[in-house]
């Protein structure tokens with residue numbers, strides 16, 4: 001019989017936190033008691049889990065010794081302050097922020113796509129959930145990488161506003177309403193108007209001209225694959241879509257791979273659905289395929305006419321589910337099933 005765990009959700013009132021609750025319930029995760037946590041501003045609110053209304057508790061006052069596992073998605077500053085406290089109290093943390101992703105002794109995990117040595121969850125009691133855009137790309141590319149190797153990845157992302165949070169969703173909806181009614185758009189969340197627009201600017205700009213979001217895809221892909229030789233060249237774009245991230249990916253492979261062989265590899269890959277029938281204009285989109293689902297959807301699979309070892313893909317996923325909450329819960333399932341009973345955490 002599986003062990004039922006006491007679980008805390010840090011950031012339970014946010015977009016990802018709410019989806020944590022949904023995914024835990026859908027996947028019937030074995031929970032004894034669940035504690036929704038947020039800042040003091042959210043105390044007094046309730047969340048629904050398994051037909052029960054649960055009071056949101058103040059994170060600052062919570063005793064993490066009550067729980068076995070904590071899922072964090074409340075921003076990097078919150079994770080930096082409270083994740084070590086949770087571990088010190090004997091709790092294991094799955095963190096959805098970028099706070100710990102680049103530390104050598106903290107695993108960065110996409111279940112099924114990470115190397116075997118990146119599955120040592122016991123080093124510091126913290127497991128990092130990768131960036132949403134990295135997750136969906138790595139899930140789709142891992143079968144190809146295993147088969148023929150990958151030398152270079154060129155990727156352009158088309159990322160929905162839900163990746164920024166609830167305020168960004170509200171701003172997009174408000175801007176559309178204002179503009180359609182002849183009023184100027186009120187710009188607060190993004191540096192420029194997002195409605196009817198595309199912004200090649202996600203996170204801060206780095207000294208090399210790339211954004212932090214783009215560099216996340218470089219660092220994280222290499223860490224997950226444990227292959228620093230992979231060259232990754234991203235351009236991250238925010239688009240006026242509420243849910244679902246899309247990516248145009250162009251690969252330089254170490255050996256040639258036909259489009260048919262790539263489809264066959266991907267069709268067998270866990271967590272991947274191929275949608276690629278051009279005669280029926282069938283290719284994946286955020287609205288039709290990704291939103292509300294946990295798979296990564298791949299289409300427009302074709303050999304690159306400009307390179308003998310080139311392959312092009314279109315990759316779509318729900319950024320709040322597989323790109324965040326579902327991936328974290330899948331990590332939690334591995335912990336619960338394989339590791340949690342034998343963790344030896346630092347004191």
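Glycine is no exception: its Cβ is also placed from the backbone N, Cα and C atoms.
Residues annotated as NADP(+) binding site in Swiss-Prot: 13, 14, 15, 16, 41, 42, 162, 163, 319. The DSSP secondary structure for residue 15 (NADP(+) binding site) is helix. Counting Cβ atoms from all protein chains shown, residue 15 (NADP(+) binding site) has 22 others lying within 10 Å of its own Cβ.
Taken from Swiss-Prot, the feature phosphate binding site applies to 101, 216, supported by sequence analysis. Shown in sequence order, 108, 128, 130, 131, 216, 219, 220, 223 are the residues of the chain, 6+ apart in sequence, with a C-beta less than 8 angstroms from the C-beta of residue 101 (phosphate binding site).
DSSP assigns residue 132 (active site, acyl-thioester intermediate) to a helix. Swiss-Prot lists 132 with the feature active site, acyl-thioester intermediate, giving sequence analysis as the kind of evidence.
Annotated substrate binding site per Swiss-Prot: 159, 238, in sequence order. Reduced to three states, the DSSP call for residue 159 (substrate binding site) is strand.
Feature annotation from Swiss-Prot assigns active site, proton acceptor to 245. Reduced to three states, the DSSP call for residue 245 (active site, proton acceptor) is strand. Residue 245 (active site, proton acceptor) has a Cβ environment of 28 other Cβ atoms inside 10 Å.
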Taking just the CA atoms, what is the gap between residue 41 (NADP(+) binding site) and residue 132 (active site, acyl-thioester intermediate) in Å?
27
Same-chain residues at least 6 positions away from residue 132 (active site, acyl-thioester intermediate) with a Cβ under 8 Å from its Cβ, in sequence order, are 159, 163, 245, 317, 319, 320, 323, 324
Relative to the Cβ position of residue 159 (substrate binding site), how many further Cβ atoms are located within 10 Å?
23
Enter the number of other CB atoms within 10 angstroms of the CB of residue 13 (NADP(+) binding site).
19
